[in-house]
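Chemist: One structure is given below, represented as structure tokens, and several questions about it will come after.
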Amino acid sequence: RVGAAQPRAMASESEAQRALQYEQTLMYGHYTQDLGTFAKDEAARLRLQQGQGEGGTQRPRRPSELLEYTQGRCAPCRVCGLQCQRFLISKVGEDWVFLILLGLVMALVSWAMDFAIATCLQAQKWMYGGLDTNVMLQYLAWVTYPTVLITFSAGFTQILAPQAVGSGIPEMKTILRGVVLKEYLTLKTFVAKVIGLTCALGSGMPLGKEGPFVHIASMCAALLSRFLSLFGGIYENEARNIEMLAAACAVGVGCCFAAPIGGVLFSIEVTSTFFAVRNYWRGFFAATFSAFIFRVLAVWNKDEETITALFKTRFRLDFPFDLQELPAFAVIGIASGFGGALFVYLNRKIVQFMRRQKTINRFLMKKRLLFPALVTLLISTLTFPPGFGQFMAGQLTQKDTLVTLFDNQTWAKQGLSDEFEYLGILEAWLHPRSNVFVTLVVFILMKFWMSALATTIPVPCGAFMPVFVIAGAAFGRLVGESMAAWFPDGIHTDSNTYRIVPGGYAVVGAAALSGAVTHTVSTAVIVFELTGQISHILPVMIAVILANAVAQSLQPSLYDSIIRIKKLPYLPELGWGHHEKYNVRVEDIMVRDIRYVTLNCKYRDLQHVLHSTKMKSLPLVESAESMILLGSIERAQLGALLSHQLSPQRRLQVLRQKALADDSHRISNASIRFQISTEASSGTPSRTASRKPLKPALKRVTSSLAEAPPGESVPGFPSPCLCSTADPSLSTAGTTDHAGIALKSLFCANTTAEPTE
């Protein structure tokens, strides 16, 4: 039996060695076996284990694992429903079902938020209009309403989830690069983002919702894959999770603007450095379905008669623009590039100023709600319609502003008989003491710095829509009105007269400035889907490309700037004028003389490492000889480990355990010695001798007994004290009982033995 068991033991030992070797090579990045073969063998082994019950017997297969659903009155219905569900998933596919749910949920969230925002803005108008008899009461209502909403949004977000503050696109860029940011894709962050963004946009401040919607869609995708049992096991893989997040970013832009094509392209440009083509159809499918449901809900709510563009324009199609107008569109693009770089620079300088002024920073950290309240009070005071707001259309919301700026007709007086009449919301741009050019210039200058300041408020908000509407469209409208005033009959030299359309210039300006701020070209496609017309495709593309060329040479994008401010672990792309840095290698900038932690280090070594360096993270290597990197450990974790292991309570506990162990060891030795002396001794008491430790003595005795001839003492162990003086015959009898000699030699060694370890 021993001979038969030995090969099996050797085989199992070799298998264990191979498994250990494979695990180690997995850690160090070298495979001794083909990964595909190993995966197949491992899957077959797991299936075999699952198919066998306890004791190795074959477990009877339960039909579709439905035993938990076969109890109760409605058991057949539940079983049938589950089978239909699994049949649908097996035929349609998990990705399709997941993307449909994602698009549906995001469309509902977008529509509900737009409805709530419109209700809040309508309430502000109602309060302002109902107090028209007293200007002071109007001012109080106009200022108090947004201040309360912004303060509530800041406080609610700060209490529930501070991670919901800001745009969310910089964080998503970092997450899609593989960095794990804690609490950024959780349920409480989702609730804080939705409620905080609704209150912030309902206040009427120059804030946007495009960036936060990308974050909201990503959180929705993460929550769907995490909480639904249907998808819980499918999307636990990190690669699958990244694919779903990439599709969610496209859904966020698509349901925000009802622009699925532009949303997919914008999400690729903004969030991805390298985009996997296999995610292309996921983004298009989910974004298209979400945009469709979003517009269907508007028709169902009777906001629209049919599914149309969000900001429908009716530009002239037969002759949208003259070729001689292309230089004017190019000027818009170049100027927008400088304006976008200036916006990013101004936004970053405001944040840095607030952080560098230690007195202000310390005060605002204690009074967290004071800064958003003061900023809202300042902006709402300047936009008060009877006050300074009358020179910049202060009573218009962002949506009304964009509708008026995209208007077909010319506002400037051209000295013709068909003078344009300001009707409806267009009256906001008419002032009896100034013309439309003064109003547009004041609007652009004031709203520009207001938007840069408002986006620094610690509430969920974006900067795309303020730049798109306020600065871009208004600047384009200003250039268009100027062209219409300079060329009242148009530039066309033939007999046909085609007047200049300033609304087309507004479209070009909106796409150019938003593209310059975000460093994207897909804003052109978003503009086409927003307006429903593609007549100005050539001017828009020229302006967007020129704006990107200028802005990228001056400043990083707004999202990269925020990443730098927040110091997120993200490596941005090298800008213009820095291409020589592609030759810089890691070894040129890395720290060489670095402290490290080994697997077999002691507490003293850890303390020495912590005292000798101030690095926040320390590398963990296998040993000082191999220097194989196993990972890293935070300095705070090492400090907590040392404080716990070396605390006074821990020391007392170890001392008590050691004392108890010594007492039990002494008692057990005394009892064994007593038994040996009563059985083998002839009455002579044993000499007091220093006893050696148990394990080394056993090794020496067993190894020496195998070589010692019968009747001789073992080298290193003198004759046993119990039998050397009392009964000489026991020395010969010891040849028949080696176990007795071993025990006697072990517990009765004299003082000439080796010192105790």
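Please read every residue number as a count from 1 along the shown chain.
Backbone N, Cα and C define each Cβ position, glycine as well.
Just so you know, TrEMBL annotations are computer predictions that nobody has curated.
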Chemist: When TrEMBL marks a stretch as transmembrane segment, which of 173-192, 213-232 is it?
Modeler: 213-232
Chemist: Please determine whether the transmembrane segment (436-455) and the transmembrane segment (326-348) are in contact (criterion: at least three Cβ-Cβ distances under 8 Å, sequence separation 6 or more).
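Modeler: Counting Cβ pairs under 8 Å (6 or more apart in sequence), the transmembrane segment (436-455) reaches the transmembrane segment (326-348), since there are 3 or more.
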Chemist: Please identify the stretch among 96-118, 139-161, 326-348, 467-487 with the greatest number of Cβ pairs below 8 Å relative to the transmembrane segment (280-300).
Modeler: 96-118
Chemist: Under 8 Å for C-beta pairs, could you tell me which stretch among 96-118, 326-348, 369-388 has the largest tally with the transmembrane segment (244-268)?
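Modeler: It is 96-118, which has the most Cβ pairs under 8 Å.
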Chemist: When you scan the chain for residues with a C-beta under 8 Å from the transmembrane segment (139-161), skipping those not six or more beyond its ends, what do you find?
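Modeler: For the transmembrane segment (139-161), the far contacts come to 120, 123-124, 127-128, 131, 183, 186, 188-189, 191-193, 195-197, 199-200, 202-205, 368-369, 372-373, 375-377, 380-381, 384-387, 457-460.
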